[in-house]
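Before any comments, here is the structure.
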Amino acid sequence: MQRPAPPPLLLALALALALVLSLAGAVKSPYQQVLQHSRLRGRQHGPNVCAVQKLIGTNRKYFTNCKQWYQRKICGKSTVISYECCPGYEKVPGEKGCPAALPLSNIYETLGLVGSSTTQLYSDRSNLRPEIEAPGSFTIFAPSNLAWASLPAETLDSLVSNVNIELLNALRYHMVNRRVLTDDLKHGTSLSSMYQNLSLQVHHYPNGIVTVNCARLLKADHQATNGVVHLIDKVIATTTNNILQIVEIEESLETLRAAVAASGLNNLLESEGQFTLLAPTNEAFEKIPQETLNRILGDPEALRDLLNNHILKSAMCAEAIIAGLAMETLEGTTLEVGCSGEELTLNGRPIIANKDVVATNGVVHFVNELLIPDAAKTLFELGQESEVTTSIDLFRQAGLNSHLTGNERLTLLAPINSAFKDGIPRVDNNLKNLLRDHIVKGQLSSKYLYHGQKLETLGGKELRVFVYRNNLCVENSCIAAHDKRGRFGTMFIMEKMLTPPMGTVMDMLKADHRFSTLVAAIQSAGLTETLNRPGTFTVFAPTNEAFRAMPRGELNKLMGNAKELSNILKYHITDEILVSGAVGALVRMKSMQGDKLEVSTKNDVIQINKEPVAESDIMATNGVIYAVNSVLQPQASRPQERGDEPADPALEIFKQASALSKVSQRNPRLAPAVSRLLAKMKGNPGTI
């Protein structure tokens, strides 16, 4: 009886599943991908030829990936390209390339074919030869001849003298009792060796490098009748200790041992997993100031952060590093792990004294400098290592250092060094008070700040937060770099010194003699109450010079028409705060008059309707003021004629402005204290 045909949908699903499975099966391991690339680069020289990069001045060779091919560098050093037979193939006299597969023989014979004749010799001496010639299924990680020659003489003598059992045990530790190809060598796995089932730690990195106990596979997957041979670059020693046990037995890690015990990290360092411990030596601890060391050792949380910053989340053997690589620590910091020639580097510094001490749960590299994370530092330490050293010195001179080194929860608003390019201010009482307003109560994070938020300073002021599309600002200063979060405090690197507001927009205009004409005009137009009330105004304030620059007839008409004067003044005011740091290529703002204002920057100068402003960011409690040297005119509005205008209405306005300016200068009580400070700063910045 004939079966019915399967439904079309079911057939389509089956075909799709088969395609997915076939594609999944075709995915090559990183090692095979790099080998394939080397084969492609070498094919012009004949079949089965691989391009190999050799580090100049050394015997180190690497199959090349695409990035290395174009950079022609390994560990920052130049390489030369050579062409060799790919693994498993050999040359034939008179023919191009490597057309012949290597003879398929047992493991013992294969050792001689792949460049490990010394391993072959020691197999004879230790009586391992009969086993690796006999039928079976084995894998041997065979040290190259150079690897054996690189062993210290006393180590080699102890292995081969009197053909003792140590040599046999060492060789059997390089063997696995089954066939294991590179596709089976998965990252972070372990294999049971043929010596007491002790583990071999396998790491298969994305760059195609494969290591076994941190020995790099030079040429892999050499098939034999009774197994497979992988050529490696060093003789591997048995590994029985976990990371904690290595710390406990190494004399040079005595201080680290005490720190680990005090921090409670013992369980982590002896747990299963694959970690990298960048183990600071006793010398590393001795290099930092005793006061700093005592503070960290006496603070369990800071100590844990310090030690976690020396632990990478995965095992990283030195042989796997051929270029810079960003790696995350358990503390959350990113370290740049790289190399320079034969040296392993951290954040560009060759501070690794001893590398690739293999443990059962990872690898240990000894470092001779302490990697103190931001999370374990004081505000003072954060500042000393950042682009705010000038600010930090000013805080110190102002007697505020105790706040930067203590355990108060604070946020430091530290101006960047470039903010002082025109001169460093003198530390007097005014500057001391101003610097206190650069220290905010509470340890904040910029990512949680919101528009309109109020921050309380040590000086008792309230600072406002402004959130813009491309900037985050506190009053007139925007954050120039990412937060640096320390043990108790966070540091925001600011683009310039803050000027906390000391009065309303109207107060600030009255206190500045440059705006006496404008103040009189505002009063005449009935806008005084508006600019005194709470709000979020941006005022483009024409200076006395701006009014004097107007034609007398036009000025007379404007000043004689209260409605038109109010209309023009409202065109200079918006109901949203825009500080200069938030101005990009162009910002359009709706004025209180209704028309749009165009704010832009050109050569780092703020412009309003393409006119440069004379001064930016005069902060007020209800807004911000920009001084402008021209009276702005709306596009669709011009001063209108009036039949009842006085003969010279501007004269009275100028008289009022002149009188107001003289009286405010004679009687300082009419001007807030901050106005005097601002005037002093404008007149002579070097005497702040």
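Any Cβ shown, glycine's included, is placed from N, Cα and C.
What TrEMBL says about this one:
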type	residues	note
SIGNAL	1-26	signal peptide
DOMAIN	46-100	domain 'EMI'
DOMAIN	104-236	domain 'FAS1'
DOMAIN	240-371	domain 'FAS1'
DOMAIN	375-498	domain 'FAS1'
DOMAIN	502-632	domain 'FAS1'
**Report entry** Which of 240-371, 375-498, 502-632 contacts the domain 'EMI' (46-100) most, counting Cβ pairs under 8 Å
**Finding:** 240-371
Query raised in the report: Tell me, what is the mean pLDDT of the domain 'EMI' (46-100)?
Result: 90
**Report entry** Tally of residues which DSSP labels helix, strand or coil - the domain 'FAS1' (375-498)
**Finding:** 37 helix, 33 strand, 54 coil
Query raised in the report: Under the DSSP assignment, what numbers of helix, strand and coil residues are found in the domain 'EMI' (46-100)?
Result: 6 helix, 24 strand, 25 coil
Query raised in the report: Tally of helix, strand and coil residues over the domain 'FAS1' (240-371) according to DSSP?
Result: 50 helix, 39 strand, 43 coil
